Structure formats: C-alpha cells, structure tokens
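Contents: one structure, followed by commentary.
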Amino acid sequence: KKNSILKKNHSWMNAIKNNFQVDDYESLIPNADLVINLTPDKEHHNVIKILQQLMKKNSCLGYSHGFNIVEFGEKIREDITVIMVAPKCPGTEVREEYNRGFGVPTLIAVHDANDIHKQGLEIAKAWSFSIGGHRAGVLESSFIAEVKSDLMGEQTILCGMLQTASLLCYEKLITDKHNPAYAAKLIQNGWETITESLKHGGITLMMDRLSNSSKIRAYNLSENIKKILAPLFQKHMDDIISGEFSAEMMKDWKNHDQKLLFWRQKIKNTSFETAPMYNKKIPEQEYYDHGILMVAILKSGIELSFEKMINAGIIAESAYYESLHELPLIANTIARKKLYEMNKVI
C-alpha cells in the first residue's frame with residue numbers, strides 16, 4: 001500500500017532489509033509474470049478484482065487456498081493461468097520448517113478453466129520447490145479437493161477438536177482439584193509433545209509411548225469417543241460438501257465477522273486461556289502418562305476425520321495430510337500462546 005511505503009512501516013523495513021523490491025500495486029503487478037495472492041479468504045474477491053485489471057496478458061495467478069475459486073465462484077480472465085500451492089500448515093510454520101532446512105507437505109493444483117497454455121502444473125511444481133515442499137512431499141490435487149479437505153480438517157481434528165478438547169480437559173482437571181497452572185501447561189504443551197510422535201510414526205508410535213495398560217485405556221476411550229462424535233463429524237462433512245458451511249461463513253464476513261469475533265472473545269475469556277503460568281519443567285514422558293485422554297482424543301479425531309473424508313470421495317493422501325500430518329503444526333501454535341494464537345493464525 002502507498003501509505004505503508006510513505007510511512008516506511010515495519011513490513012516495509014523488513015522487506016527492504018531482505019532485498020525485496022518494494023512498490024505499490026500499480027507499479028509492480030503489470031510487469032509480473034507470476035502474482036501470488038496470500039491475502040485472507042474474505043479479502044480475495046476485492047483483491048482479485050484489482051489484480052485482474054493490472055495483470056499483463058498471459059501471466060499467472062497463484063493461490064495458497066482455493067476457497068475463492070471453489071466456494072465464492074470467482075471467474076478469472078481466460079488468458080491468466082491460475083494455480084495453487086497449498087502447504088498443509090499455517091504460514092508461520094511454512095517459514096519455520098524452511099528455515100530448519102525442511103518443508104511441509106504441500107498440495108498443488110491447476111484450475112482447469114484457466115490453463116490455456118498448459119504450463120500451470122510446471123509453475124506450481126517450481127513454486128512448491130522454492131518453499132521446500134518437495135522435501136516433505138508434494139501431491140497433485142484439485143482446487144475443489146483441497147478446499148473441501150482443508151475445511152473438514154480444520155473444523156474437526158485440526159482446530160475444532162483441539163480447541164474443544166483443551167477446554168474440556170482443563171475443566172476436568174480443575175474439577176478434580178489439580179493445580180490450575182500445571183493443568184494448563186500439561187494441555188497447552190501436551191498437544192505439541194504428543195503430536196510430535198505422530199510426525200515420526202503416526203498413531204502407532206503415539207500409542208507406543210504409553211504403557212500396556214494405558215494403551216488399552218486409550219484405545220477403549222478412543223472407540224467410545226468415535227461412537228459419540230461420528231454423527232457430528234458426518235454433519236460437518238455434509239455441510240462442507242454441500243457448501244452450506246461456506247455460505248454461512250461468507251454471511252458472517254458481510255456482517256463484519258460478528259460471530260467469529262464473538263467466539264474468539266468468548267474463548268479468550270475462558271479459564272484455560274487465563275490460567276496462571278507453571279514455571280517448572282514437565283518431563284516429556286509425563287505428557288503421555290498424564291495425557292491418556294488427550295491421546296485417545298487425537299486417535300479418535302484423526303481416524304474419524306480421515307474416514308469421513310474418504311467416504312466423501314477425497315483421496316487418501318489428501319485426507320491424511322488434513323487429518324494427521326498437519327496436526328503437529330497446528331499444535332505448535334497452541335504451545336506458543338494457547339488457543340488465542342491458533343485462532344489468530346488459522
């Protein structure tokens with residue numbers, strides 16, 4: 001924005017420091033071969049409207065999430081190639097993984113209605129390579145499959161389940177007279193610690209961190225949770241496939257995010273979010289030994305979301321990314337600043 005450039009704000013200073021060319025839309029976009037739109041979903045329509053007026057003929061437009069194309073139904077100029085590179089984690093974690101010499105699993109896709117030159121897939125491959133996605137795995141998908149699986153994962157195991165389980169587990173521990181500070185830390189850092197085993201060995205390795213008797217307890221709890229939550233997960237999947245979920249979300253956008261902001265404030269004021277700090281170190285194994293219910297919740301949530309996506313026609317690899325592989329990266333955000341951080345970056 002011109003105003004940001006004139007004021008030389010923090011983002012301007014950061015860009016200059018890292019040798020990026022900085023200018024406004026009107027100066028940069030007409031000369032660009034590839035324009036990548038990384039703005040929030042709710043801003044896409046207005047941003048794309050401006051971009052299409054400025055982008056040169058036969059250039060390429062990139063998305064990191066296909067909501068605008070699939071759910072809003074945005075139409076892009078026929079000469080513009082439209083691609084997607086969708087890392088399966090929050091943007092902050094893409095950078096973290098790249099900096100440590102790795103990357104995150106990434107879905108790539110080409111919008112069939114906008115691939116007149118048949119070069120979209122090669123551009124998407126190059127983009128995914130540039131952010132390190134090839135080190136973790138790049139899967140060719142479609143815009144619609146990415147959107148539906150992404151929404152299902154976030155609404156169930158990745159965000160919805162972690163948030164609800166954090167609040168319920170904390171309240172249970174407090175009811176049982178546990179130290180509030182310890183309880184909050186056990187849950188806040190427990191998700192990150194426990195899901196790290198998922199990254200290296202899936203549900204099997206996570207369960208192997210438990211004693212034999214604890215494995216049995218976690219398994220039985222998990223099966224009971226699946227029976228209880230199966231109808232709810234199915235409703236989420238049905239609403240996402242039908243478009244009802246997206247329609248309701250877009251209504252809230254038009255209402256200035258009234259529901260979203262109310263829910264965020266409600267979560268921010270919970271006893272879990274406001275719990276005191278626990279300054280002592282909790283040993284890694286203690287998170288497993290005292291987190292049997294958390295393990296059961298993760299197991300049931302992963303399996304349910306994966307099964308519902310498969311039954312809806314989403315390919316197994318994509319369902320896996322959205323139900324299991326992204327979990328540690330979402331859990332990292334909770335470990336930083338509890339649920340507030342997760343809700344802020346998703």
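The backbone N, Cα and C atoms fix where each Cβ goes, and this holds for glycine too.
Over in Swiss-Prot, the protein carries these features:
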DOMAIN    1-141  domain 'KARI N-terminal Rossmann'
BINDING   SER11, ASP41, LYS42, GLU43, GLY91  NADP(+) binding site
ACT_SITE  HIS65  active site
BINDING   ASP150, GLU154  Mg(2+) 1 binding site
BINDING   ASP150, GLU322, GLU326  Mg(2+) 2 binding site
DOMAIN    287-346  domain 'KARI C-terminal knotted 2'
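Annotated features, which come from Swiss-Prot, shown on the structure.
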residue : record                : CB count, 10 Å
SER11   : NADP(+) binding site  : 12
ASP41   : NADP(+) binding site  : 18
LYS42   : NADP(+) binding site  : 17
GLU43   : NADP(+) binding site  : 12
HIS65   : active site           : 22
GLY91   : NADP(+) binding site  : 12
ASP150  : Mg(2+) 1 binding site : 22
GLU154  : Mg(2+) 1 binding site : 18
GLU322  : Mg(2+) 2 binding site : 28
GLU326  : Mg(2+) 2 binding site : 26
Residue among recorded positions SER11, GLU43, HIS65 with Cα closest to the Cα of ASP150 (Mg(2+) 1 binding site): HIS65
From recorded positions SER11, ASP41, HIS65, GLU326, the one whose Cα lies nearest GLU154 (Mg(2+) 1 binding site): GLU326
DSSP-assigned states of the domain 'KARI C-terminal knotted 2' (287-346) in counts, ordered helix, strand, coil: 52 helix, 0 strand, 8 coil
Composition by DSSP (helix, strand, coil) of residues within the domain 'KARI N-terminal Rossmann' (1-141): 68 helix, 23 strand, 50 coil
Cβ-based neighbourhood (8 Å from the centroid) of the Mg(2+) 2 site, residues ASP150, GLU322, GLU326 excluded: LYS88, SER149, MET152, GLY153, GLU154, LEU158, TYR321, SER323
ASP41 (NADP(+) binding site) as reference: those recorded positions from HIS65, GLU322, GLU326 with C-alpha within 10 Å of it: HIS65
DSSP three-state assignment (helix, strand or coil) for GLU154 (Mg(2+) 1 binding site): helix
Maximum Cα-Cα separation (Å), residues SER11, ASP41, LYS42, GLU43, GLY91 listed as binding NADP(+): 21
